[in-house]
C-alpha cells in the first residue's frame, strides 16, 4: 500500500521538473489567463493531502491490526453517527467551495467573450474549420467580413497577434474534431452544424502545436497545425505577405475557389 | 446434491447414474439454474477479458514504438503492412478494447456472473424469480458476442469510431474505414447487450424484492446485494435510453434518417443527405446511460469489497446504513451528472456549471464509503488472505480514481485535461484498479462456494502482488502524460512537438502493461488447477456470516438443504454474544444474546 505515497512523490517530482521527469508536466503557458493552472494546483494540493492521509491511515491500520500481532479483542462497533456526520459535512463544504470557487474561471473561459470599446462582442480574427484531416484557416481581410473576395485562406497555419484578446470562430465541415492548444490551455470540440467562439490572450512569441483532441477518423493523429504568436506589426506584415502570395497563386489554390 | 428439501425443487434433483447427453445440455448449457448461468457468465466474461487485454497490448505497443514491427503477433495479424499497426487498425484497437471491456467484461461479470450467482444464495432464495428469463439473458449475450466478435472480420476490421461512437463519424460510412458494416454490427451487438442486461435487471429486482428468506429485511441485506439492487435499478431506468439511441443511430445508417447528422455536411468531398439532426443529441443520450453505467460498473464491486473486508477484518461493517444511503445517493446523483462528459463538447456553458456542481457532490457519497471502509478495518484482526489483499487494493485504488475525478469535475481544469491521458488514468483506476481488483478478490472469495474447492493462496498472492505493482506502473504514469496534455486516441502522438519527449515514459508503461497481462498467468493456472485438484472446501471455509456460506459447497439445485431463517445482519463478526468470532445470519441467538426481532414477525 505504499504505492499511493510513491505515486505522490512521483507527481511532486514531475511537478518540480527534476531529472529524469523534466518536461513531464504542463507545457509552457503562453496566455495571460493562469486560472486553469492555478485551479489544477489548488485541487492537486487538496486531493494530495487527502490522498496521503488516507494512504497513511490505511497503511497504519493494516500494520497495527494485523491478526498475527493483534491480541486485543476486536472493537465491536457498528459505526458512529458523529463521525458519519463529520465526514459527510466537511467534504461537502470543501466540494461546494471548490464548485463556487471555479465558477469565475469557467465563465471567463467560456461565457464572457471579450468586447470592443462600444460594448459589442469582439469579432473573430479568423475562422477555423476542421475537416478530415486538416485545419482550414480563413482571415476576413481588410473589410473584417468573412466570405468576401479579400479573404485569406491558409491551411494548418494560424498566426495571432501578441498581447491582444484573440477571438476565433470555429466550425467543422464533416465530423467532430477538437481544437486543442496545449500551451494556450484552450480546448473546444468542433461540432458540425454549430458555430462557436473561443478566446485567449497570448503573451509570448513563438510557434506552438495545434492538436486535434477528438477522434475524427483514421488520420486523426496527423491533423496537426501550428499557431504562431507574434507582435502586432509582424502579424500585419505576415497577413499582407501571405495575402499577396495567395493573389499570385489564385488559380492554383484549390481551397480559395 | 440430491437431498434437497427446499420445497418445489425436489423434482429437479437428479442422480448421476441416469446422466445422458440431453441431461448434460439441460444442466450445463440451457440451464435455468442461477448458479450455472452465473458460472457461464463468469467463463464467457473472463475469456473476453483476455481478448480485451490483448487489444490493450496492441494499443500500448503502438504508443511505445509507433510504426514498428510487432514481434511474433505482428506478422500473424497484419502481414500486409509488414507486421506494423496501421492507423486504421489502431483506431479499431482502442474502440474494441473499450467496447469489449465495458460491455462484455465488466458489466456482465458483475451483474451477470456475480449477480446471478450470489443474489439467490445471499438472500436465501432457491433460485431467481424468473429462471427462464434468466437463461435467456445469458443466451442473448451470444448474438452480442457474435456481432462484436464478427465485426473484426468484416470490412474495416472492427468498429473504429471510439467506444462512444460519436456521430457523424459513426453514422456516415464514408467517414472512417470501420464505419461501414463493422459499425452496424457494433450497434446490433450493443442492442443485444442491452436486452440481456434489461432481462437481468428485471429479474434481480423482482428476486430481491420478493424472494428474501424469512427475517431477511432490506436493512439486513449484505451490501453486495444492495449494490446489485441499485445497479439493476440504474439499468432498468437508464439502459432503454441507450438502446433507443442505438436504434436511432442504426436508422441513420441504414434507412437514411438524420437524427444525429446536421445540415450541409460533406465527408470526403461528397455531400451527405439528409440533415437536420444534431450530433450533441447522441452525446446527451449516450452519456445519459453511460455515466450511470460507470456506477453500474462500480457499485456491485463496492458491495463485494465491503463483504470481504468485514469477513477478514473480523469486524462489523462500519456504518451499514450510511453505506446503503451512500449507494442510493450515488445512484440518484448518477442520473444528473452525465453532462460532465460534455464540458468541451459545445454544450451551453451555463449548463456546464449545473453539471459541475452536481458532479462535485457525487464525490461525497464516495468519500463517505471510503471513510467507512477505513472505519471497518480499524480495530479489527486483519487476515491477509488473497481476497482481502485485493479488497484493500480496491480501497486504495478507488481513492486515487475518486480524487482524480475531482479534477475532471472542475470545469476549467477539464478544459485542459479533457480527452487526455488524465481521463484514461482516472477511469482505469476506477475500473481496473477498482472494479477488476474487486472482481479478482470476489473470485478468490467465492470460488470455494462455486466449485467446492479452494484456490491456492501462495499463487493468489503472487498474482495479487504482480498485478498491483504493474497496474500502478501502467496507470499512475498516465496522470503525468495527461498533465502534459497528451491526447487519447492518437496513433502517433510524436507527430506533435509538444509530446515528443514522452516516448520513454510510454515505453515504461507499455512494459508494465505487458507484464500486467503476463501476471494473469498464475491466476489462470491457479483457477483451472484448483477447480479440479484444489483442496476441498467445506460449507464455510472463511468462517463468514452470509447465508450463502450455510449452503453446501457447491450448492445443489434449489440451493439450501434447509429453510434459512435470518436472525441478524450479515456483519456480526466478533460479537460479544457468541464465543466464536462470527455469528452466521441463520444461527439462532445464544443464551447470552437475544434476537432483536423475532424471526416470525420479521418475515415481511
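Note that Cβ sites are derived from N, Cα and C of the backbone, with glycine treated the same way.
According to TrEMBL, the domain 'Cytochrome oxidase subunit I profile' annotation covers B:24-567.
Annotation source TrEMBL lists region 'Disordered' at B:570-604.
Residues or ranges marked as transmembrane segment in TrEMBL: B:41-61 (among others). Outside the transmembrane segment (B:41-61), and at least 6 residues removed from its termini, the chain residues within Cβ reach (under 8 Å) are 70, 73, 85, 89-90, 93-94, 96-97, 100-101, 104-105, 108-109, 112-114, 116-117, 138, 141, 145, 443, 450, 474, 506, 509-510, 513-514, 517, 520.
According to TrEMBL, the transmembrane segment annotation covers B:96-119 (among others).
Residues 41, 44, 48, 88-89, 91-92, 94-96, 98-100, 102-104, 108, 112, 170, 175-183, 185-186, 188-190, 192-193, 195-196, 199, 283, 286, 290, 489 of the same chain sit 6 or more residues outside the transmembrane segment (B:140-164) yet have a Cβ under 8 Å from a Cβ within it. The feature transmembrane segment is assigned by TrEMBL to B:140-164 (among others).
Taken from TrEMBL, the feature transmembrane segment applies to B:184-205 (among others). Counting residues 6+ beyond its ends, the transmembrane segment (B:184-205) has Cβ neighbours under 8 Å at 99, 103-104, 107-108, 111-112, 115-116, 119, 128-130, 133-134, 136-138, 140-141, 143-148, 150-151, 154, 159, 165, 228-229, 231-233, 235-236, 239-240, 242-243, 246-247, 249-250, 253-254 in the same chain.
With a threshold of 8 Å between CB atoms, the same-chain residues lying at least 6 positions outside the transmembrane segment (B:225-248) that come near it are 110-111, 114-115, 118-119, 122-123, 187, 190-191, 194-195, 197-198, 200-202, 204-205, 208, 257, 259-260, 282, 285-286, 288-290, 292-293, 295-296, 299-304, 323-324, 327-328, 330-331, 334-335. Taken from TrEMBL, the feature transmembrane segment covers B:225-248 (among others).
If one looks beyond the transmembrane segment (B:293-313) by at least 6 residues along the same chain, the residues whose Cβ comes under 8 Å of a Cβ in the stretch are 102, 106-107, 110-111, 114-115, 222-228, 230-231, 234-235, 238, 323, 327, 330-331, 334, 369, 373, 376-377, 380-385, 387-388, 390-392, 394-395, 398, 427, 430-431, 434-435, 438-439, 441-442, 445, 542-546, 570-571, 573. The transmembrane segment annotation in TrEMBL covers B:293-313 (among others).
Residues annotated as transmembrane segment in TrEMBL: B:325-344 (among others).
Outside the transmembrane segment (B:350-368), and at least 6 residues removed from its termini, the chain residues within Cβ reach (under 8 Å) are 319, 322-323, 325-327, 329-330, 333-334, 336-340, 342-343, 398, 402, 405-406, 408-411. According to TrEMBL, the feature transmembrane segment maps to B:350-368 (among others).
Here TrEMBL flags B:389-410 (among others) as transmembrane segment.
Counting same-chain residues at least six beyond the ends of the transmembrane segment (B:422-447), those with a Cβ under 8 angstroms from any Cβ of the stretch are 42, 101, 106, 109-110, 114, 117-118, 294, 297-298, 301-302, 304-305, 307-308, 311, 385-391, 393-394, 397-398, 400-402, 404-405, 407-408, 453-455, 460, 463-464, 467-468, 471-472, 474-476, 478-479, 481-483, 488, 523, 527, 530, 542, 548. As annotated by TrEMBL, transmembrane segment applies to B:422-447 (among others).
Here TrEMBL flags B:459-485 (among others) as transmembrane segment.
TrEMBL lists B:505-529 (among others) with the feature transmembrane segment.
Residues 298, 301, 304-305, 308-309, 312, 340, 356, 359-360, 363, 366-367, 370, 373-374, 377, 417-418, 422-423, 425-427, 429-430, 433-434, 437-438, 440-441, 444, 461, 464, 468, 471, 476, 479 of the same chain lie 6 or more positions beyond the ends of the transmembrane segment (B:389-410) yet place their CB under 8 Å from a CB of it.
The list of residues near the transmembrane segment (B:459-485) in space but at least 6 beyond its ends in sequence, with Cβ under 8 angstroms from a Cβ of it, reads 60, 386, 389-390, 393, 397, 400, 404, 416-417, 420-425, 428-429, 432-433, 437, 440, 444, 498-499, 502, 505-506, 508-509, 512-513, 515-516, 518-520, 522-523, 525-526.
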